[in-house]
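Enquirer: Quick one: the structure is below, and I'll ask about it shortly.
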């Protein structure tokens, strides 16, 4: 039996203090939040800090913006163990990967290349922020928590905490999918639905 497996993913990354500080900077994943859903049921959530390799020392801007400490990241899991966990969450390699924006998968691919580790996912990749923009006809992409507010809801937990953002994205995903179904063109009625055959037969007799 085919199952509908979703991984709703949010990462937080290292940030530079300025354009050239540190030199040759590229973002690395330092926090991950994942919601795994099978057939519309949440079966697992995952949250962890991840130790960056190339730029292990967090910048002041990064710590201030993400409300994260150097100690939390230093005690996080190794990138190799993190990828192992991603593989465990998608053993059949058929999960649909859902993110808010395209940066999460871009950074994951770049980090995998830097660490000489194969990219862990093979399923469909869906950018929910782009789907939201197209669905509502917005000209620009909307932030995750602003989109939640536009739906008359509030985000889950704390913004820029990876698991809280993943849970918020999952809530939004379900709301958008629900609205898409409402707007789908209904199937044309059959002749039996258009005509009450019982009444027709009564009149004939």
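Counting starts with 1 at the first residue shown.
Just so it is clear, glycine is given a Cβ too, placed from its N, Cα and C backbone atoms.
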Enquirer: If Swiss-Prot gives 10, 12 as binding Mg(2+) 1, which of 165, 179 does it give for that site as well?
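Expert: Answer, per Swiss-Prot (Mg(2+) 1 site with 10, 12), from 165, 179: 165.
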Enquirer: In terms of DSSP three-state secondary structure, what is the assignment for residue 160 (active site, proton acceptor)?
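Expert: In the DSSP reduction, residue 160 (active site, proton acceptor) maps to coil.
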Enquirer: How many other Cβ atoms sit within 10 Å of the Cβ of residue 12 (active site, proton acceptor)?
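Expert: By my count, 24.
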Enquirer: Within a 10 Å radius around the Cβ, which one of these binding-site residues has the most neighbouring Cβ atoms: 104, 165?
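Expert: Checking each of 104, 165, the winner is 165.
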Enquirer: If you draw a 10 Å sphere on the Cβ of residue 10 (Mg(2+) 2 binding site), how many other Cβ atoms land inside?
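Expert: Around the Cβ of residue 10 (Mg(2+) 2 binding site), 27 other Cβ atoms lie within 10 Å.
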Enquirer: Which value does the mean pLDDT take for the domain 'Exonuclease' (6-173) in this predicted structure?
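Expert: It averages 93.
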